[in-house]
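One structure follows; several queries about it will come next.
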Ligand SMILES: [Zn+2]
């Protein structure tokens, strides 16, 4: 590669890193909610609130919901317990994790709302789910970040903030939370996982509508990595196309595909991030011999609009955004349990609005062009 191309690539990377910062998303989106100042987080759930709510749900469920900590594997960097709630009697194990990023608050509320539904509803669809599946909720993966209202956790020995969602790699596990949750995952061996996030502000391609919800796969479909892992390239697309259709039925129309967007150029990059937790789940990561048979399963993620550390989350819209997340989760669990997701054409994924694909945004080789092989 000659020097001028190298310089151009570095410049592109620098520009994209800027674009990836949500502040730039916000600044480039004058139609979105105000981003002045920080959202008052007193209206969102604290760690203590979550522990209390879990106890209340367990109590009122009359034995249907179990709540426990992962203390036998360790605690967070600051010494907080990581909680799990378990509900259902079926053989399919579904993993739902929220707030691995501590400033992504409403994901925890959506997960707890769904847990409440499973704990208390006698609805036929709910009973079907609980008969066929057992659900494992981790409503607050990153309690330290949640309390600090930061994306990462703080490593106690260095004081540095660490993104726990880049830490499931062979040379990772720098944060205590990562190993706690990984050990549990490797022992439990789930069949399917959903990971809940918030994103900065963006617009649905070709419209003036602010995206309210994005559907994502952390190893891009048809990208450099996923097609070589079992049939996850199809099933993950089927799952998200299924959710997309269901959400349209509920009247949620500002849904698109998760991408890193260059708003000025109106192009998007699909992510292909191997260190992401749900990516490592799909790749069957075997860290320290803890997953010797390379257990793996499909996994997808949802991104709700806005986050609290940028102040781009309005209290007025919190209920709407939580409900949207709740409905999407509930519908995907149902579609998975009943097998309805397998009736969807995987290529229907392409009907979810997205920016023209400019390449794959990776955590191992910068921007990988579409169609490139050998990665
Ligand atoms: Zn996130």
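Residue numbering: from 1, along the chain as shown.
For all residues, glycine too, the Cβ spot is worked out from N, Cα and C.
Per TrEMBL, signal peptide is recorded for 1-26. Annotated domain 'Peptidase M14' per TrEMBL: 43-336, in sequence order. As annotated by TrEMBL, active site, proton donor/acceptor applies to 303.
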Pop the mean pLDDT for the domain 'Peptidase M14' (43-336) in here, whole number is fine.
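Taking every residue in the domain 'Peptidase M14' (43-336) and averaging pLDDT yields 95.
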Taking only same-chain residues 6+ apart in sequence, whose CB is under 8 Å from that of the residue listed as 'active site, proton donor/acceptor', what do you get?
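Within the chain, the residue listed as 'active site, proton donor/acceptor' has Cβ neighbours under 8 Å at 197, 198, 199, 213, 214, 215, 216, 258.
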